[in-house]
Amino acid sequence: MLDVNNFEYMKIGLASPEKIRSWSYGEVKKPETINYRTLKPEKDGLFCERIFGPQKDWECHCGKYKRVRYKGVVCDRCGVEVTKAKVRRERMGHIELAAPVSHIWYFKGIPSRMGLVLDMSPRALEEVIYFAAYIVTDPGSTPLEKKQLLSEKEFRSYYDKYGNTFKAQMGAEAIRKLLQDIDLEKEVDALREELKSAQGQRRTRAIKRLEVMEAFRNSGNESSWMILDVLPVIPPEIRPMVQLDGGRFATSDLNDLYRRVINRNNRLKRLLDLGAPSIIVQNEKRMLQEAVDALIDNGRRGRPVTGPGNRPLKSLSHMLKGKQGRFRQNLLGKRVDYSGRSVIVVGPHLKMYQCGLPREMALELFKPFIMKELVSRGLAHNIKSAKRKIERVHPDVWDVLEDVIKEHPVLLNRAPTLHRLGIQAFEPTLVDGRAIRLHPLVCTAYNADFDGDQMAVHVPLGAEAQAEARILMLAAQNILNPKDGKPVVTPSQDMVLGNYYLTLERENAIGEGSYFKDTNEALIAYQTGYAHLHTRVAVQASSLNNKTFTEEQNNKLLLTTVGKLIFNEILPDSFPYINEPTQLNLEEKTPENYFVDPGTSIKEEIQSRELVKPFKKGFLGDIIAEVFKRFQITETSKMLDRMKDLGFSYSTKAGMTVGISDIVVLAEKQGILDEAQTKVDKVLKQFRRGLITEEERYDRVIAIWSEAKDVIQDKLMGSLSNRNPIFMMSDSGARGNASNFTQLAGMRGLMADPAGKIIEIPIKSSFREGLTVMEYFISTHGARKGLADTALKTADSGYLTRRLVDVAQDVIIREDDCGTDRGLTVSALEEGSEVIEPLIDRLIGRTSFENVKHPETGEVIVEKNELISEDQAKTIVESGIQEVIIRSAFTCNTKHGVCQKCYGRNLATGSDVEVGEAVGIIAAQSIGEPGTQLTMRTFHTGGVAGDDITQGLPRIQELFEARNPKGQAVITEIDGTVLEFKEVKDKQEIVVQGEVEQRSYAVPYNARMKVSIGDTVEAGQELTEGSVDPKELLQIKGVEGVQDYLLKEVQRVYRMQGVEIGDKHVEVMVRQMLRKIRVVSSGDTEVLPGSLLELHQFKEANHKVLMEEGEPATGRPVLLGITKASLETDSFLSAASFQETTRVLTDAAIKGKRDELLGLKENVIIGKLVPAGTGMPQYRNLESGLDMPESAEESSEEETQTV
């Protein structure tokens, strides 16, 4: 058996008739499948055992030879070889066709490859192949031209005139003759000559023809192989026929299609033997051609062949195409053994790295391990009895199971797996019941809740797989989110509420101003009712053993609350005592003002102070990030578990409830509504008098009601007591926000109709008061639209992720430094006056391109090629530096990937990225995963042209697909000043005066100007509001201008929705869109003008020519959308499994393409280890990870085996 890991590349080509015969084990001569009485395959039929091998292991057709001892014997009676039945999956047969037929992929594809080779139109080809016209194959001495089409009538008249002096034929035979006559060398030279002078359409056609001719010349494929003499028959197990319960048979559609071909072929043979009239033979040949077309690609030409119930039959091409095709269903989406799924329930008692596995599920999943252990413990004699024991659930089994699952991690996956945190590893603990228990903190990463979600469990079997699961995938390791490097395991809901309640302060609580010698004493006071959690007290600072306190502070008293004393117990010793939710307290030390000298009157001191705010969700996240930064993984996951327990415990003790009395009704509400109504009436009056337009009236009414709702909201929030449970839930970040509360207690406000337009009648009631029928009806629109949008958005976002993954899947960190001589200048991303992304966010975790010096002192803050840390980034920003040059994926020189230095820090681990990290996939997931959070709609604001800019998910798709944007902005191509605005006919023009020339740009009337007369503008700058067309920008500002623009725009959309994504992810994607060059002229190189080349291929071709002092090729960069870029990848396996399968394969076969298996998808398809992570060649043969001196090797044999 071939070892999959030793493949170098995979090549595809056209099969010659000899090749097809060499694959075959025999000719299929009859259309029969199996005998209906004996249910055995018919001889020479589509399932023949003599050709394809026996149906039962080691047993021939007639039963003369049975058992394995006759292995390899060919039965003298029935001719079947005695071997395993699985050869029926690999042995092929063939059909000798009585007349040549054309292969529909090469004749019918776009562009028609046969047409390009012969320089004929597809229409003419079709007429010849389907016997509607004759084609002159040899004009002889007649005035006819080669390849001239003749109708039946013309052929007759010429035949009468010239007799046998010329040859004209019909059908695929004629085409084959023409293909064989072609001299490729001569044609290629002629085409290259023609290219030098040709223009327009002729040039395009010549380029296309040259490409196909070159392909045939270089690949070793013969052009005549596009015509088939022999048809391969695929193995029978791949087109099976199975008996159903009622004695009927279910068969693959391919068998029907093959039967049609064989029937027509046999009939044609008979007609030829009988010497039938040519018209009958021609008709039969045409029918054979159509049958073969239907077999290869049913429905490509004419009406598809249908089966019972008018269903089109699935041909060979359909077996590969689409989601149900071979690629996506079986090669990229295999189902795996050792897996199970069940409903999840919360497991608050679990540790971060644990999950609860139901006993009966564990028993089934770990069956082989249990059997082995039962035998090795002597509890069963052999594997068979061990298996029986497990099936009967013998009590011994449970003890063994407990031991087997120790230290054996399992993987939990929740669909949809939107990013890599959708599969994590846990150590299983056995639980009763049939539900999987999940740790509450990992829910955010999985986006799971416990309303009936299900999860799948997978068992890593091999030692390497277990090691990877434990070291890389354990839930306790995945604390940071790969998209922005922020903690993903922040507490939510109950846990937030508990910790918020715990850290609240209250005036005049029981025992206020008490003084305790240590935490324990305070706890006893709380438990015995002498103090409350919210009581402000003093405690001896030295008793807290906090390593951040100074000597002086330790001698003082610390003012805090009982709750905060309890909260700080969960934090590590050398962490500041957290007394207030500020960055200063978190990052540096407990503020000095909380320490008082002994002897101060504590009660008076406390009463003179303001209450300190409690710790909300965001601050808890900051604490986690800070602990992670200082103490790394292990300590953080322990602290998280303690924080979770604390939260659950105190949210229970808090006993938060929501009652109707908690929803306070605003007294001034009616007044505010009346005032708004008056304003609306006034606007209506103005409209009726014709002072304002319909649009203005609508916009103003909407604005009035929105403002009224905001006023009510502000007053409501102001009137709420901060002890109100609903307020506490919303304020802490546990659930709900101000808008939800306004709907409960104030008013619901304005609603959108099904088209997304805002209805101008507001809902004045709140849920507390109850809605009128009319109001209820209006609000159903919005609710329904919400659900519909969510469903559509999920599908759209999923498809976006799929395309992103496809285009970036081969971007892997391949080396540590590419040695590039270019950097990327970064500054804060700004849109007008608003900052989209501050400079500090763009610097952290990036490598500097040159020394960064302090502008005043001149000292070096960051060395060249050094990773910029948080502190260094802070120093850079504080020193007033506005822009820094960093290494970036945009400027990286690594082939097929990025280098360590240009990528910088791996956001998911907080340390340098390692060689082998699949950063392309991480980037795609980081951009795709928040896609569901983006809005769907294009905002319509009453038809003002400039405002209808696409936002949210559609805008992201527009950017990554490099489409012409909606609401396109007009941009200037030259530097200069805005001279004037001219009015021409029905539009206006902006005139820009450059140094040398003057340009004018036509602008629609309703566009909104971004510049005024006298402004200085740069090339590529927008003159009107709207989105820039990136392709236009590429021509004006070049690659760097487009890269900057796309990065800024993608970040703008995400940041507007409050989603943070690391720049480097967007850079990786944009790099993939700009990796091709379109050749303009080929110079002395071999490359074809008009062809698309990878950047490095183009450079290599030029380098070669320059070394020989020839003329290099010229090219211009192109921006491809992600779908186009995926299909243009060098790997035909990856492209074929993405979209347009048949087109990609047709093209690859003609070119005889080699797939070098550099990306991840291609390797998954052929079943090889992916070339990323531990699958990279340089890591492949590391046994133990220990580099031992040679002398030590013998002595430590035992140790290596345990590693």
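Using N, Cα and C of the backbone, Cβ positions are placed for all residues, glycine too.
Swiss-Prot has this to say about the protein:
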BINDING   C60, C62, C75, C78  Zn(2+) 1 binding site
BINDING   D449, D451, D453  Mg(2+) binding site
BINDING   C818, C892, C899, C902  Zn(2+) 2 binding site
COMPBIAS  1190-1203  compositional bias 'Acidic residues'
REGION    1180-1203  region 'Disordered'
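Sequence features, as recorded in Swiss-Prot, placed on the structure.
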residue : record                : Cβ within 10 Å
C60     : Zn(2+) 1 binding site : 24
C62     : Zn(2+) 1 binding site : 14
C75     : Zn(2+) 1 binding site : 20
D449    : Mg(2+) binding site   : 12
D451    : Mg(2+) binding site   : 6
D453    : Mg(2+) binding site   : 17
C818    : Zn(2+) 2 binding site : 18
C892    : Zn(2+) 2 binding site : 26
C899    : Zn(2+) 2 binding site : 22
C902    : Zn(2+) 2 binding site : 29
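Residues within less than 8 Å, Cβ to Cβ, of C78 (Zn(2+) 1 binding site) and separated from it by at least 6 positions along the same chain comprise K43, E49, R50, C60, H61, C62, K64. The distance from the Cα of D451 (Mg(2+) binding site) to the Cα of C818 (Zn(2+) 2 binding site) comes to 50 Å. According to DSSP, C902 (Zn(2+) 2 binding site) is assigned to a helical segment. Considering only the binding-site residues C75, C818, C892, C899, D449 (Mg(2+) binding site) has C899 as its nearest partner by CA-CA distance. Counting in whole angstrom, D453 (Mg(2+) binding site) lies 43 from C892 (Zn(2+) 2 binding site) by their C-alpha atoms. When the Cα of C75 (Zn(2+) 1 binding site) is compared against those of the binding-site residues C818, C892, C899, C902, the shortest separation belongs to C899.
Highlighted in sequence order, E815, D817, T820, R887, A889, T891, N893, T894, V898, Q900, K901, Y903 have their Cβ within 8 Å of the centre of the Cβ atoms of C818, C892, C899, C902, the residues recorded for Zn(2+) 2, and are not part of that set. In the three-state DSSP scheme, C75 (Zn(2+) 1 binding site) falls into the coil class.
Within 8 A of the CB centroid of the Mg(2+) site residues D449, D451, D453, the other residues of that chain are I344, A448, F450, G452.
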